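Asker: Submitted below is the structure of interest, expressed as structure tokens.
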Ligand SMILES: NC(=O)C1=CN([C@@H]2O[C@H](COP(=O)(O)OP(=O)(O)OC[C@H]3O[C@@H](n4cnc5c(N)ncnc54)[C@H](O)[C@@H]3O)[C@@H](O)[C@H]2O)[C@@H](O)CC1
């Protein structure tokens, strides 16, 4: 599991060390970490001696890191060129560069093969206008974070030079894990500068492969179908029958004991044609150990009645429930209260638009706050909604944010924009349901971690599917099987 801290938290952690007069030592350590990554990138492309490395240098400590790194690179034979973006540069860093024989230029030299972005770090306020990067630059390495990325949120206010690698200091930053910041950062490498004892609790985390696969573990040797998990699916309608197939297919592909489908004839027939192993019927009676409700349900009286039946079944049995799509527009505060009182694990899976509609209906006094933060800070939006409704919220988007009512948050970035196609959300709902329905054999995972594991599996399957070209949602279940077969 990866853990990230806000830029603000990292700056606070630095404070005692700076007060103790260790600022220069910290900077040199950070800069040496940066230079080491640059050396590796250069060596992968040819000899270091004779190569040209340029750095865009801002006036703060981020520029200071870049200047020190250039001085180390110069001593290994590279032509090291500082390009200031303001009127001043970090004095000690500049002196180090000059002592090493580096130089200062007004523009990035045309023959530079590698560019260090050392303009803005955790002290950035708002955006900037990057210069044109010469075409010969083969690699961009960001110092601490790509300039212009908000280290606390991942929001990019203006422009950014997309990095191939970001070398970040002290700890992984939240801004490198979320949205545009994560996209601009490229591969992220963390350089330890000794902040560990001062860091405290992480702001958020991200599941890695093994964490997610532990949730979707293969069956134990003596499992039977009821012990592996039975998922109830209340999805699809006469108008939108296909959603039922997508939810069931992805759940089956993730390896469950049984899928039970509750819905109208037409949708049930489609489900059975695709998966004769599904137990289908009009109502919710059965052995389901968790339910997914919502995809393709519609908004008519029948949809309301069907959702009410599922909520009742979950309340009666204390069963976990995933509410997705149409169910997000139908569920009431009273439903959520009953589910909470019955001890049900509840996961809501909105995208941004659904989250704002949910806020408008269920927490109208917070609508303005949610509208303000939804686009800029999806972590704050998901956390706010999880806290207000006391349920786990999985907010879909370029970064999937899973937040628990106590603020614990996981973010996943595995998928790409290829997943932005109709029906993939239905597949995700099936995977979240599967994660909740499964019997746990080892350490029990918190609900928010199960939701994040489903997001990991969904995103990774999306990446696998995209390798073969553009795809539709019905391709995802086979990619889910492929991902799980590789464990
Ligand atoms: N303080 C230390 O000892 C350490 C600092 N570190 C580095 O220091 C960075 C933080 O340094 P600073 O606090 O100096 O902050 P930055 O270097 O991120 O930027 C601050 C400077 O940029 C200006 N600025 C802010 N926003 C701007 C904008 N939108 N356009 C133009 N100029 C803008 C500010 O007025 C200030 O002069 C970290 O990101 C990291 O790279 C690391 O070396 C670790 C140790």
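Glycine is no exception: its Cβ is also placed from the backbone N, Cα and C atoms.
Any TrEMBL annotation is an automated prediction that lacks curation.
Here TrEMBL flags 243, 296, 351, 426 as (6S)-NADPHX binding site. Annotated AMP binding site per TrEMBL: 396, 397, 398, 399, 400, 425, in sequence order. Annotation source TrEMBL lists domain 'YjeF N-terminal' at 10-201. What TrEMBL records for 208-487 is domain 'YjeF C-terminal'.
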Asker: Within 10 Å of residue 397 (AMP binding site), Cα to Cα, which of the binding-site residues 243, 296, 351, 426 are there?
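Answerer: Those close enough are 351.
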Asker: Compared by Cα position, which of the binding-site residues 398, 399, 400, 425 is the closest one to residue 296 ((6S)-NADPHX binding site)?
Answerer: 425
Asker: Where the record says 243, 296, 351, 426 bind (6S)-NADPHX, what is the longest distance in Å from one Cα to another among those residues?
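Answerer: Pairwise Cα check on 243, 296, 351, 426 gives a maximum of 17 Å.
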Asker: By CA-CA distance, flag whichever of 396, 398, 400, 425 among the binding-site residues is nearest to residue 243 ((6S)-NADPHX binding site).
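Answerer: Checked the binding-site residues 396, 398, 400, 425; minimum Cα distance to residue 243 ((6S)-NADPHX binding site) goes to 425.
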Asker: Give me the Cα-Cα distance between residue 351 ((6S)-NADPHX binding site) and residue 399 (AMP binding site), rounded to a whole Å.
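Answerer: Distance between the two Cα atoms comes out at 11 Å.
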Asker: Based on Cα distances to residue 426 ((6S)-NADPHX binding site), point out the closest of the binding-site residues 396, 399, 400.
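Answerer: That would be 396, nearest by Cα distance.
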Asker: In DSSP terms, helix, strand or coil for residue 351 ((6S)-NADPHX binding site)?
Answerer: coil
Asker: Rank the binding-site residues 243, 398 by the number of other Cβ atoms within 10 Å of each Cβ, and give the residue at the low end.
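Answerer: Comparing Cβ neighbours within 10 Å for the binding-site residues 243, 398, 398 has the fewest.
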Asker: Per DSSP, to which secondary structure element type does residue 400 (AMP binding site) belong, with helix, strand and coil as the options?
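Answerer: For residue 400 (AMP binding site) - judged by DSSP and reduced to three states - the answer is strand.
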Asker: Taking 8 Å from the centroid of the Cβ atoms of 396, 397, 398, 399, 400, 425 as the cut-off, which other residues in that chain fall inside it around the AMP site?
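Answerer: Going along the sequence, the neighbours appear as 351, 378, 395, 401, 415, 455.
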Asker: Relative to the Cβ of residue 400 (AMP binding site), which residues of the same chain, six or more apart in sequence, are found under 8 Å away?
Answerer: 394, 411, 412, 413, 415, 452, 455, 458, 459
Asker: Mind giving me a neighbour count for residue 396 (AMP binding site)? Other Cβ atoms within 10 Å of its Cβ, every protein chain shown.
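Answerer: Excluding its own Cβ, the number within 10 Å is 24.
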